[in-house]
Amino acid sequence: MNESGLLKHFLRQLGLVPTWQFGDVYGLDAEVLSLVPRPVCAVLLLFPITEKYETFRQEEEAKIKAQGQELSSDVYFMKQTIGNACGTIGLIHAVANNQRYLEFEPNSPLKAFLLTSAKMSPEEKAAFLEKDESIRVTHESSAQEGQTEAPSLDEKVDLHFIAFVNVEGHLYELDGRKPFPIVHGKTTEDTFLEDSAEVCKKFMARDPQELRFTVVALSKA
């Protein structure tokens, strides 16, 4: 099962009504992006954590701390404290920031998690997730649907998921390894996929020899 298939399965298990679904994005040029079902409300990027990326991440963090950035209070952001849970964190970021579009089953464990954690700090959300058995068990069972054995929680993995969302007309990068969301400028519902693709291209340009990039879009079914 590919990445979008695993994410679809995971969302179904967490009680999300499949009116929006994840699908693979096979290229980032305009012609290929035009084939992606619209509208798109979130984009997930799977990429390799390399020395070049880690150097950039540290420089980016220092620059933002020095210059500051304006963040919307409506952005749902959580830290990642569980090993190998970046896919779960990315999915939560994608869904949490698009609840106005999405539908949940009456007993959805994800909806319950989002309602309870809405006012928590990023660190409190992470601690709450550590104790949430329903999401952890669903994550583990969904991972077993894949073609390869799921990594243990403490196994070193050099691939990482992040999410891109549109909150109040601004493009946000949400990465639980970072101390805060990253604002990538203005966006609209119509240009969100293209704007996210431009940021994804920058990730790829930092490691031009790397091929391990996957882009997935959450689109209206």
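Heads up, the Cβ atoms here are built off N, Cα and C, so glycines get one too.
Listed in TrEMBL for this protein:
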- 1-220: domain 'UCH catalytic' (DOMAIN)
- GLN80: site 'Transition state stabilizer' (SITE)
- CYS86: active site, nucleophile (ACT_SITE)
- HIS160: active site, proton donor (ACT_SITE)
- ASP175: site 'Important for enzyme activity' (SITE)
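A map of TrEMBL features onto the structure.
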residue	record	CB count, 10 Å
GLN80	site 'Transition state stabilizer'	21
CYS86	active site, nucleophile	22
HIS160	active site, proton donor	20
ASP175	site 'Important for enzyme activity'	23
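The two recorded residues HIS160 (active site, proton donor) and ASP175 (site 'Important for enzyme activity') have their Cα atoms spaced 9 Å from each other. A distance of 8 Å separates the Cα atom of GLN80 (site 'Transition state stabilizer') from that of ASP175 (site 'Important for enzyme activity'). Counting in whole angstrom, CYS86 (active site, nucleophile) lies 8 from ASP175 (site 'Important for enzyme activity') by their C-alpha atoms. Averaged over the domain 'UCH catalytic' (1-220), the predicted model reaches a pLDDT of 91.
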